[in-house]
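> Can you read through this structure? Questions will come right after.
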Amino acid sequence: MKYIGAHVSAAGGLANAAIRAVEIDATAFALFTKNQRQWRAAPLTTQTIDEFKAACEKYHYTSAQILPHDSYLINLGHPVTEALEKSRDAFIDEMQRCEQLGLSLLNFHPGSHLMQISEEDCLARIAESINIALDKTQGVTAVIENTAGQGSNLGFKFEHLAAIIDGVEDKFRVGVCIDTCHAFAAGYDLRTPAECEKTFADFARIVGFKYLRGMHLNDAKSTFGSRVDRHHSLGEGNIGHDAFRWIMQDDRFDGIPLILETINPDIWAEEIAWLKAQQTEKAVA
């Protein structure tokens, strides 16, 4: 079964994220559990936790259908010790918030070397950051998102994801989220079913589908291999509709949150309905 949704706003209270997901007929959703552009946030109150859990139960969202995202400020591979520790502390807090909310996944961008350390050193720092966070939490899986490779961001190669996983001690609590726009911008073609087959055969060989814990379904304003992260509405960008239809018809993508981060929230309900309709092999438009 496909879980399909979008990254919805939690403005006004975390419980509102579930309500907004229902409003677009989503069977999955993503959210920030705190302001994603601030380092610190007030601790979750018992009321906030209870209201969120009640809303999820009311609208039938289990933790398998929810993919929280951490702060954009966090860099788990930071080359400077003091800044690395700050990021690690913030990541642990994000993981603990998920644990309190009964959520089993936390999606995050792996990190950047900032042109100051080697890729290998940065990837090792990211893996160690995950180990530290897993040691201080229970029941939450760290879900590494592939990147477009802008600037000095790592995670744009499947080999980067595999290297991080290799350095994580608890393999049961680490996974990956594949963003289609990021993959395309990083040089993984998705424009035809044949290219999708090739790209995900590479993914299966290098990383492994057992680690796939979520996806971000985004078309791309950016061009193929450009290393530029620019999302677009489904079918409106340089990837086109075929990739998303292909994903909907492949059962390897069942049972994980498939999340839209496309640029026009006003048509998320339409995009979700279209994705749901593609699950039959007869779907061609």
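Every residue, even glycine, has its Cβ placed from backbone N, Cα and C.
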> Swiss-Prot has HIS69, GLU145 down as binding Zn(2+) 1; which of HIS109, HIS231, HIS232, HIS241 does it also list for that site?
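The one candidate that Swiss-Prot places in that Zn(2+) 1 site: HIS109.
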> Which one, HIS60, HIS78, HIS216, is listed by Swiss-Prot in the same Zn(2+) 2 site as GLU145, ASP179, GLU261?
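So, going by the record in Swiss-Prot, that would be HIS216.
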> Beyond HIS182, ASP229, HIS231, what residues of that chain have CB atoms within 8 A of the centre of the Zn(2+) 3 site's CB atoms?
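Those within range, site residues removed, are THR147, ALA148, ASP179, CYS181, ALA185, HIS216, ASN218, ALA220, SER222, VAL228, ARG230, GLU261.
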> Among the binding-site residues GLU145, GLU261, point out the residue whose Cβ has the most other Cβ atoms within 10 Å, with all shown protein chains included in the count.
GLU145
> How many Å lie between the Cα of HIS69 (Zn(2+) 1 binding site) and the Cα of HIS216 (Zn(2+) 2 binding site)?
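Checking the Cα atoms of HIS69 (Zn(2+) 1 binding site) and HIS216 (Zn(2+) 2 binding site) gives a distance of 11 Å.
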> Does DSSP put GLU145 (Zn(2+) 1 binding site) in a helix, in a strand, or in coil?
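The three-state answer is strand.
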> Secondary structure at HIS216 (Zn(2+) 2 binding site) (DSSP, helix/strand/coil)?
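Strand, per DSSP.
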